[in-house]
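Feature annotations, courtesy of TrEMBL:
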- Asn50, Gly51, Gly52, Glu63, Asn92, Asp93, Ser118, Thr119, Ser120, Ser123, Gln173: substrate binding site (BINDING)
- His59, Glu63, Gln173, His181: Zn(2+) binding site (BINDING)
- 35-197: domain 'SIS' (DOMAIN)
Amino acid sequence: MTNQRILAHFHESAEIKIQSATVLAPHIAQAIEMMFSALSNGNKILVCGNGGSAADSQHFAAELVGRFERERFPLPAIALTTDTSILTAVANDYSYREIFSKQVQAFGQEGDILLAFSTSGNSGNVVAAIEAALEREMRVVAMTGKGGGAIGKMLTDADVHICVPADRTARIQEVHLVTIHAICDGIDVALFGGDANE
Ligand SMILES: O=C(CO)[C@@H](O)[C@H](O)[C@H](O)[C@H](O)COP(=O)(O)O
Ligand SMILES: [Zn+2]
């Protein structure tokens, strides 16, 4: 492995982040507004994704329930990726496709938000979770890439699609991560106003 190859990762990541910033900012602002409004109304956010996106789901839920950069009361967000008994039982008894949708049916209520991560936009269990959320009159914030895949086609005008303009899974995930932090910051600003980081 040459340093050149390592440097290329950093450069490509930085370039795609810069390119994504302008394209995604209005959609991220919409997501912040939708989440702040749901949380203010006593609703919660359910979060799901596979692999690296499962980690992103947990990362986001941790920052809402714990904190991001400012001290505040806990906000209700649940990662649907963590309960291995539920995940293994549903995958074993039904199908892997239903591991998130069953939990959306169990926990989701009208007005809640599903935050769904899929870099391809095509993961069956994330697609099924979105179907279950839409059936329950929940709103969806989807973070995707690669043109948005099947997820891009199923969202309604009431939902938010944050589709990273890139085709490489790792780069898309890296943009998802900075987007998670921008959303957490946006929610804090909506709650408390601007801060010293501005
Ligand atoms: O983190 C990575 C690759 O960077 C992997 O774990 C990746 O998340 C997994 O292959 C996922 O199953 C991909 O699913 P998706 O993003 O297409 O929905
Ligand atoms: Zn990864």
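One is the number of the first residue shown, and numbering goes on along the chain from there.
For all residues, glycine too, the Cβ spot is worked out from N, Cα and C.
For the binding-site residues given as Asn50, Asn92, Ser118, Ser120, the lowest number of other CB atoms within 10 Å of the residue's CB is seen at Asn92. Same-chain residues at least 6 positions away in sequence with a Cβ under 8 Å from that of Glu63 (Zn(2+) binding site) are, in sequence order, Ile180, His181, Cys184. In sequence order, Gly52, Ser53, Asp56, Thr119 make up the list of same-chain residues 6 or more apart from Gln173 (substrate binding site) whose Cβ falls under 8 Å from its Cβ. Neighbour counts were taken as the number of other C-beta atoms within 10 angstroms of each residue's C-beta; across the binding-site residues His59, His181, the minimum falls on His181. Cα to Cα, Asn50 (substrate binding site) and His59 (Zn(2+) binding site) are separated by 13 Å. Regional average pLDDT for the domain 'SIS' (35-197) in the model is 97. Here the C-alpha separation of His59 (Zn(2+) binding site) and Ser118 (substrate binding site) works out to 15 Å. Classification of Gly52 (substrate binding site) by DSSP places it within a helix. With a cut-off of 6 Å between Cβ and the nearest atom of ligand 2, the binding-site residues Glu63, Asn92, Ser118, Ser120, Gln173, His181 reduce to Gln173. According to its DSSP assignment, Ser120 (substrate binding site) is coil. For ligand 1, the binding-site residues lying close by, meaning a CB under 6 A from one of its atoms, are Gly52, Ser118, Ser120; the full candidate list was Gly52, His59, Asn92, Ser118, Ser120, His181. Every protein chain considered, the tally of other Cβ atoms within 10 Å of the Cβ of Gly52 (substrate binding site) stands at 17.
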